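A quick write-up on the structure given underneath.
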Amino acid sequence: MARQNRFDRTSFQTQIIDLSHDGRGVARPHGEGDKVTFVTGALPGEVVIVEPVARNRHFDEARVVEVLQASPQRVIPRCSHFGVCSGCVLQHLAEDAQVVSKQRVLLESLERIGRVSPERVLPALAAESWGYRRKGRFSVRWVEKKGRTLVGFREHDPRFVADVSVCHTVVPQVGEKIALLATLLNSLDGRRDVPQIEFIAGDAVVALTVRHLQPLSEADRLALIEFGKEHGIAIFLQSGGVESVRLLWPDEVLLAFRLKPWDVEFVFRPLDFIQINGGLNEKMIAHALDLLGAGFGERVLDLFCGLGNFTLPLARTVDEVVGVEGDIGLVERARENARRNGLGNAEFFVADLTRDQRDAPWMRQGFDKLLLDPPRSGAIEVLKQLPLKMFERIVYVSCHPGSLARDADFLVNEQGFVLRAVGAMDMFPHTAHVESIAVFDRC
């Protein structure tokens with residue numbers, strides 16, 4: 001017997017009343033007291049016809065079939081793959097409205113989760129919104145039914161790879177060559193054994209890292225080399241973990257970017273973490289250092305420091321700065337970059353900041369101010385261990401408003417800090433990702 005549908009999929013008309021944190025429209029088709037329906041492709045204020053796609057206990061899900069009354073903030077997406085590819089979810093919303101939405105998500109999270117409100121809301125930071133993505137990972141899949149290789153980000157259904165030919169958010173040296181890259185991979189003997197390709201761009205060099213599950217034939221290696229030569233792209237191969245990455249072409253390459261305002265250059269490896277949006281990154285660093293207000297005569301602690309993205313610029317402006325990071329490879333590069341830039345007042349330590357660090361040597365040092373840039377999970381574990389009373393000011397750079405709100409609750413409502421200011425930063429235009437910065441002062 002054929003399985004019956006579990007719910008009615010009949011399309012219906014509804015009005016969109018809000019935008020969710022993940023970029024979907026919010027409707028209450030059965031009235032204020034009923035559960036919400038999240039509608040993919042809809043914007044606040046619109047009247048739409050939607051098709052139900054899923055039903056859950058606390059909410060339903062649907063997609064737009066037709067827009068009957070469009071929002072004045074609706075725009076035509078630049079990308080023909082929008083709506084299928086999960087790389088972007090907000091291309092149909094005007095750019096200034098995207099930033100306003102992210103600022104709202106940030107403030108609502110602080111109030112709802114953290115039970116805090118800032119004394120001041122900072123103007124949102126924004127930079128170039130197209131061709132900004134200088135690091136990322138494409139999924140690769142040989143599809144037997146299509147008889148060819150697909151290269152792209154995942155579809156909204158993560159089981160599938162979006163069949164894209166170009167990506168306007170990726171740096172043009174890569175984003176405009178996706179179709180050529182797919183053709184190259186399709187020609188390889190080992191096309192079934194390449195699950196992903198990572199890209200990263202420095203100031204002068206763009207690199208691709210080809211992950212392969214089986215050794216590549218000599219013909220495949222030559223094909224990759226020719227692609228690199230033709231398009232001026234460095235090619236790395238990865239047969240296993242991070243330590244297995246090897247340069248295929250050219251014989252030597254230097255991946256680097258420079259932060260001109262502080263005259264520091266960062267050398268990095270192809271799988272290292274760097275901030276995805278280079279233009280916004282420079283604005284963010286300047287903003288963070290200005291808000292921190294640290295100068296000569298002061299010592300600063302920089303947690304989750306990575307390559308030293310904030311640490312090295314700070315070293316130009318303060319007496320001493322200590323960076324702490326859990327990735328030993330990033331710490332090694334941070335130390336080397338400090339040496340290359342002649343910054344003897346920057347010291348780095350390796351530490352898992354989710355574990356007990358109360359006996360760590362850096363924990364026992366005295367500091368005036370704290371800057372931290374944790375991952376999505378936030379920094380609650382290390383915040384609970386720090387002697388917070390020694391910090392006059394804390395600047396917290398966040399990539400997730402929920403974890404920032406939780407940590408703000410701890411700092412303000414348990415430790416007595418004041419949330420002086422907070423603001424969104426549009427590190428990932430056309431996505432629902434919310435980067436932000438917050439300033440806490442000791443009372």
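Counting begins at 1 with the first residue displayed.
Here the Cβ of each residue, glycine as well, is placed from N, Cα and C on the backbone.
Annotated domain 'TRAM' per Swiss-Prot: 4-66, in sequence order, evidence recorded as sequence analysis.
Reduced to three states, the DSSP call for Cys85 ([4Fe-4S] cluster binding site) is strand. Here Swiss-Prot flags Cys79, Cys85, Cys88, Cys167 as [4Fe-4S] cluster binding site.
Among the features that Swiss-Prot reports, S-adenosyl-L-methionine binding site is placed at Gln275, Phe304, Asn309, Glu325, Asp352, Asp373, with the record citing sequence analysis. Secondary structure at Glu325 (S-adenosyl-L-methionine binding site), as computed by DSSP, is strand.
DSSP assigns Cys399 (active site, nucleophile) to coil in the three-state reduction, placing it in neither a helix nor a strand. Among the features that Swiss-Prot reports, active site, nucleophile is placed at Cys399.
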- Query: Per residue, counting other C-beta atoms within 10 angstroms of the C-beta, which of the binding-site residues Glu325, Asp373 reaches the highest number?
  - Reply: Glu325
- For the domain 'TRAM' (4-66), the DSSP helix/strand/coil residue counts are 0 helix, 33 strand, 30 coil
- What other residues of this chain sit with their CB within 8 A of the center of the CB atoms of Cys79, Cys85, Cys88, Cys167, the recorded [4Fe-4S] cluster site? His81, Phe82, Gly87, Gln91, Phe153, Ala162, Val164, His168, Thr169, His430
- Those residues of the chain, 6+ apart, with a Cβ under 8 Å from that of Cys88 ([4Fe-4S] cluster binding site): Pro77, Cys79, Phe82, Thr169, His430, Thr431
- Task: Based on Cα distances to Asn309 (S-adenosyl-L-methionine binding site), point out the closest of the recorded positions Cys85, Cys167, Cys399.
- Result: Cys399
- Provide the number of Cβ atoms within 10 Å of the Cβ of Cys79 ([4Fe-4S] cluster binding site), excluding the reference atom itself. 18
